[in-house]
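Features of the protein shown, as given by TrEMBL:
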ACT_SITE  B:15  active site
ACT_SITE  B:194  active site
ACT_SITE  B:337  active site
BINDING   B:314, B:328  Mg(2+) 1 binding site
BINDING   B:328, B:330  Mg(2+) 2 binding site
DOMAIN    B:146-357  domain 'ATP-grasp'
C-alpha cells in the first residue's frame, strides 16, 4: 500500500514542480532574466496566492507527517499538490511563457537544484515521505532557486551570447559588399526605418531589423537568421537604454551611413541628462568611416549644435531653410500631404504621400536623403513615398461617404503629437474644423498643465470642440477659457457614444473631424 | 556568401530532353563566384531528384543509373519554406538536403512552362526567374495568347479555334469557318511548344487528318491561315513589365516550310545540342526598319502578356506584302535565347545575372503589396465603433 501511494505522491509532486517552476521561469523571463529587476518585482509579489497556499499545504502535511501515518500524509499530499498543480495549469496568462533554448536551460537547472535539495535529504536520512516534504519545501523557495540558477548559469549564457556575436560578425565579414545603414534617435527611428526600406526597395534587395529588434541581440538574431546572399542593403535600427548601447551594435555591424532622427528627453531615468542622450546617439555617427554619410535632423537643438568632423553630413529639417535639406510648399489635403524638397535653395523633387504631420514628413525626408545618396531615381522614390501607408489610428485620414473628413489620431496621447495633429487640422482644406477629445492621460504631475495648453491650442485651431468626459476635461476647458473661447462652440459629452450622437446631428459635408486620443474601455471618464 | 539557385529542369513534357540541354548550358554559364547551383531534375514521370551526377549531360543516356546516383527529393508548398528535402531520411541521414534562395525553372512545355510550376513556387513565396502564373499560362496557350494579342491590337494571322469534342459533333460548321479563312491553313494543338502536333492542310481532306493529329496532343485546337511565302523571324525580350530590351533578330533556316520538331532538334542526330544546333542567321537578313518594327512588336507583346525574365517571340513575315505577324511567344525559350543576347550585348553569364535581378525585383514589388489584413475579422471588438465613425 505504501509504495504505490508514495510513487503517486512523487508523481503528483513532479507535475506540480513542473507547473510551479514554469511559473517562476515565466516571471524571470518577464524580468528579462535579470535578478535586479526580478527582486524589485519580488518585493511586491512575493506573498501572492500560490506561495501562501503552498505554505499552508506544507504546514498541514508537515503536521500530518509528525502525527498521522504515512498513508494519510501521502493522500493529503496527492490531494493538495494535485489541486495546486491544477490551479496553476488553468491560470490564464496574458503573455504566456516562451520555452526558448535559454529558458529551457534555466528551467532545467532550477529543476535540478530543487531535486538535489530533496535528494541530499534522502541520502542523509533515508526517510522517503520526509524527502517529499523537503521537495515541496524546496518548491516553496523556488524563487530563491531560480535566482540562484540565474547566477550559476550566467557564465554559460555569456559564452553562448559571445558565440552568437562572433558568428554574426563572421557572417557580416563575408559580405564586404553589403551597404549597412544605422538608424537611431529618441523618436521616429522605426518609422524612418520603414520609409527608407520602402524607398530603397525600388532599387535594392533590402533587409531591415524587424519590429522592435533594436538591441545587439536583436541585430545578431536578424543577421544569423534572416540575412541572405541576395540582400544588398541592411538597415539596422539601434535603440539605447544606456551609454555604449549603440557603440556595441556599431562595433558589430560597422555602418557606412547613419541617420539620427531625434535627440530628446527619453529614457532620462537611465541617461540622467540630455547630454548623455546626445553622446549615446552620436555613437552611431562617430562609428561611421571617414567620409561616411551622416544624416542629421537639425530640428533638434542637441543634434544641430554638435559638430561632426571627417564625415559627409546632411542636415535636414522640416522647415528651417538654413540647413542642407528642407521641406517647402507643404500642403495638407484629405488625401494626405504634398511637399517639395530643397537642397540649399535648389529645388530637388516634389512628393505626395498619404501621411500627415511634420514628424512623418521629416522622417520621409531622412529616407529620401539616403535613397538619393544610393542613387535611387527620384521618380522611383516618389512612387515609393506615394505608396507609404499610415499606421492605423495615428494621423490616419479618411474621407467618409457623407463628405466629412476624419483624421483619426486615436492612438496618440502625448503633447508633441497632439500639437502636430492640431497643426494638420489647421492646415487641411475644409469647412469647419472639429475636435473630439478626452484629453491626454498618464502624464503625471504635468498632466493638468499640458491639457490646459491643449485647450489653448484648440481655441486657436478649432471651430467646434467636443470634450469627452466632464471632470477629465476640466483642464482643457480652462485652456479654452484662457483664450475666451465661446461656450456655444463647446459640447461636453458624457462618453464617446454621446459625442458620436451629438456629431451625427451637426456634421455636414466639408467638415473636418479630428479624433484626438482614445481612452481604454476601463478608464473612468 | 553566395546566392543559392535551384535550377529546375526536365519535366513531364514532350520537350523534356531540350530542357535538360538548356539547363546544362545555363548551369555551366553561371558565375560560380556569385552563385551556388543546386540542380533539380524532374523525371518524365514527375519525380524530383537532385545530385551532382545531373551536371553531366552524358549521364542522361542511361536514366536508371543516373537516378541511382541521385537523391529523390520534394519541396513543400508551405509559404516561406525554401528547403529541399530528401524523400527518404533516417536518424543518420538528415531530411534537409539544401536550401535555395531563388528558383530558376528552365523547363519547356506542359506541366511547367504553362504556369503550374510557377503556381507551386508562388505558394512557397520563393523568388523565381521568369514569367508568373498568368503570363506563363496565357503564353503557353496559343489560343488564349492570340485572343489577348488581337484584342490589344497586335498583328496576328486570321484564326479560328474549337475543341476536339465540338469538331467531332459539329465538323461541318467548323469547316465552313475554316473555309472563310481560306486554305492552306496550319493546324496546331493549343498548348504544346516546339512544333509538336503541328501540320499544314492544303484542303479539307488534309485538314481532317491534321485535326486528328493535333487532337492527340490537346483538346483545344487552333487553325490559322498559312502564310505561304514565309520568312520566320525571332526576337528575344529581356526584362519585366516596367522595362524591356529587345535582342537582335534571327532567322531560323528550316528544311521545310514549317520547322518541324525533327528539324528543330534532331537534324544532327545524337550530337544535337538543343536550339544552338539549329541553322540560323543572326542577325536576320532583313531591312533595318523591319528589324526595329519587329523589336518594338516583340516588346509590346512581352508587355501585353505581362511577361518577366527572358522570352522569345516568333514572328511571321509575309514576303508578298512584307506584313509582320506575331506568331507565338516562348516564355522559357530553348537555351534561354542566350545566342541572341550574345549577338546583342550580353554573354550568357550576364544574361543569367540580369534574370536573377529581375526575379528579385519582382519579389520586392510583391512584398510591398497588401495580401491580407493582420486583423481577424472574426475577432473584432465592438470598441472600434467609437473611433473614427461619424
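Note that Cβ sites are derived from N, Cα and C of the backbone, with glycine treated the same way.
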Integer Cα-Cα distance in angstrom, residue B:15 (active site) to residue B:337 (active site): 16
Taken over the domain 'ATP-grasp' (B:146-357), the model's mean pLDDT: 88
Surrounding CB atoms that lie within 10 Å of the CB of residue B:330 (Mg(2+) 2 binding site), all protein chains: 23
For residue B:330 (Mg(2+) 2 binding site), the three-state class that DSSP assigns: strand
Residue B:337 (active site) in three-state DSSP notation: helix
Other CB atoms within 10 A, centred on residue B:328 (Mg(2+) 1 binding site): 20
Three-state secondary structure, residue B:314 (Mg(2+) 1 binding site) (per DSSP): strand
Around the Cβ of residue B:337 (active site), the count of other Cβ atoms that are within 10 Å: 26
Residue B:15 (active site) - helix vs strand vs coil (DSSP): coil
Residue B:15 (active site), number of other Cβ atoms within 10 Å: 27
